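Asks: What follows is a structure written as structure tokens; I'll ask about it next.
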Amino acid sequence: MLNLTIMNFLSVALVALVVGLAVLFTMVRYDLGPKGRLAKSGQWFLATALGTGILSLAVKLMIILTVTNFPGAVIEPFIEQPDVEPVISEYDPLLGIPASKRFLWQSLDSDPVAGNQVARSSSPYVWQTLPDQAPAPENNPMTTEKIVLGKRLFFDKNLSRDRTLSCSSCHDVIGGSGDDGLPTSLGINNQLGGRNAPTVWNAAFQSVLFWDGRAASLEEQAKGPLINPIEMGMPSWDEVVQRVLDDKTYIPLFADAFGADTVIDIERIAEAIASYERTLITPDTPYDRFVRGDLDALSAKQLRGMASFQSLGCVNCHFGPNFSGASLFDPRAPLRIFPIYPTPFEQQYELTRDTGAAMAGTGRGSWRVPSLRNVALTGPWLHNGSVSELKEVVRIMSSVQLGHTGRYLVWSDDHKVMTKLDRPALNDEEIEELVAFLQSLSSDTLLERIKLAKGSRDEAIVSQ
């Protein structure tokens, strides 16, 4: 069926045609006929002949103009559309589904014409700010008393086996960015952990915790390090509870937080720590101010990086207010395959030595999508802390996750599908712009705290 625009166009053309024919017959009747001394029958013959020619020409012109101006609307209704079921692949590397699939990669020569011109997504994306308050579960509502208790527990070194470590030892929220600044964390007896400590800032907005996503809540996560043998090293949760009971100053704090008759157990301890951690949020960034309406909050370089962040596809994994596919806002796929594309970075930074939540033998890891808030402050980066510069992280992610590695032919032996990838690596300018945008996700409060802490440390060193 023709749309309304075409119908209006044809209606105007038809009126013009009728008026033209009327003028033609009038000219024959009162001008051409008398001058040619034609009988009445001759006048009708002349008018019909001329009118037929004009009508034929007008129809042809209307067809040409209609098809030219409205090609899809005119032609598509007459094309038979085959009823084909979409082919759905069982393996989607963006969704982090650990599976053993076979792929063949063949590098192609660089295209001297294409250069860095690569097709990029133009899909609309809605940028969002971080709420001023983190959500709390119904079974653990936040109260001031619970937050006070949780903060005390968070900083208590007595909850580790040798009384040397607390939660804050690996998650510095006083003068740091919520992590320890080490490639991998140090536990009791200086034992070296296997993974980089994630920042605790804005962890309250994540749907799963730990790098492999094994904890479904802050409460569950808070219990893990306490009995991890290479972290805080307590023999059992009962031993943790006993340490708390041994400190009589905790008794009134638990009574205020949970009631006078409460039983102090590991669940109450975890609930209190989680309540405190839900206060550790940072909605005060240049990015948030920009989205809220301060159009001067971002520099031109940061704006270009912001545009690239969307067009390159970074938002496929790092989306929403917390810049993470593992957030509470839209936890559609909290775990993703990493790395997706084979590159030299894989060996250089040992990206697949630890595969996270992936099944053994897949050759690829499966990891929780980390939040990018304050990412410029939380180096070194990646799950193994192997990268010390943010621009190198951007270069790695654009290659191993987005496929900006060059030109490849990819053969899927499972689905018998050949795919050609033409995604030139990002140039230095593009990387610098992306880094500038990521820096706009840094909290003003954290930057000030880190600056003050560094000043205090420098003064202490000078005074020694």
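Just so it is clear, glycine is given a Cβ too, placed from its N, Cα and C backbone atoms.
OK, TrEMBL features for this one:
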type: TRANSMEM; residues: 6-32; note: transmembrane segment
type: TRANSMEM; residues: 44-67; note: transmembrane segment
type: DOMAIN; residues: 145-274; note: domain 'Cytochrome c'
type: DOMAIN; residues: 300-442; note: domain 'Cytochrome c'
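Help me see these features in their spatial surroundings.
Replies: Secondary structure by DSSP for the domain 'Cytochrome c' (145-274): 61 helix, 5 strand, 64 coil.
If you average pLDDT over the domain 'Cytochrome c' (300-442) in this model, you get 93.
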Asks: When DSSP states are grouped into helix, strand and coil, how many residues of the domain 'Cytochrome c' (300-442) land in each?
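Replies: The domain 'Cytochrome c' (300-442) comes out at 45 helix, 26 strand, 72 coil.
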